[in-house]
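S.K.: Take this structure first; my questions come after.
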Amino acid sequence: MRIAVFASGNGSNFQAIAEAIASKQVDATLCFLFCDNPKASVIERAKKMGIPFTVFSPKNYENRAAYESELLKQLELNAVDLIVLAGYMRIIGPTLLTAYANRILNIHPSLLPYYPGKSSIQDAFEANEKETGVTVHVVDAGVDTGPIIAQEKVAILPEDTIDSLEARIHQVEHRLFPQVIQKVIENKTIKKSE
Ligand code: GRF
């Protein structure tokens, strides 16, 4: 299976996926990293690991459709089967959703449908929840709403700070996301849209 990872920031999940592919825990080819933010650290991680990357910002395009059409060109040129969103901070529009229906995965740091959106770790922590977690789901037109493939709980401990909780959530993400990607590849649960 040929994969592209989209990321906007730090890129620790990108690195975990890239390492799982390099060590053959995930049976896939990592075609390229796409990043929408030229300043993101994930680009340095791709360079260090020798993984091809493409960087461009939607600011340079007239609208989302034009931006996504450019992205689609890159995906098709590389015969990408599956898109993996790993901290990609944009909503996927109709151009990509149609071309890659049921073939886009996302990871989210909460037990969806609870705490969708950008500050879910903080939101769960500040709501004094006793647990939160990690969700991997198929992407649809909503924000963090698509069909759930896997979830893992993370306890919020009395001594936790946001930082310690965040660190534990990331540890779970780095293990869970590659595992789920491999399952998707094996079960072929994600159907090609053409
Ligand atoms: C992760 O917590 C992921 O669940 C969320 O964005 C964060 C990305 O972290 N979608 P990183 O860039 O992979 O370190």
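Cβ coordinates are placed from backbone N, Cα and C, and glycine is handled just like the others.
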S.K.: Can you find which of N13, N106, N128 TrEMBL lists as binding (6R)-10-formyltetrahydrofolate at the same site as R64, M89, R90, I91, I92?
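M.R.: The one candidate that TrEMBL places in that (6R)-10-formyltetrahydrofolate site: N106.
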S.K.: Let me check the 10 A CB neighbour count of I92 ((6R)-10-formyltetrahydrofolate binding site). How many other CB atoms are there?
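M.R.: Taking every protein chain into account, the count is 21.
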S.K.: If you compare CA-to-CA distances from H108 (active site, proton donor) to each of the binding-site residues G11, N13, I91, I92, which comes out shortest?
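M.R.: If we rank G11, N13, I91, I92 by Cα distance to H108 (active site, proton donor), first place goes to N13.
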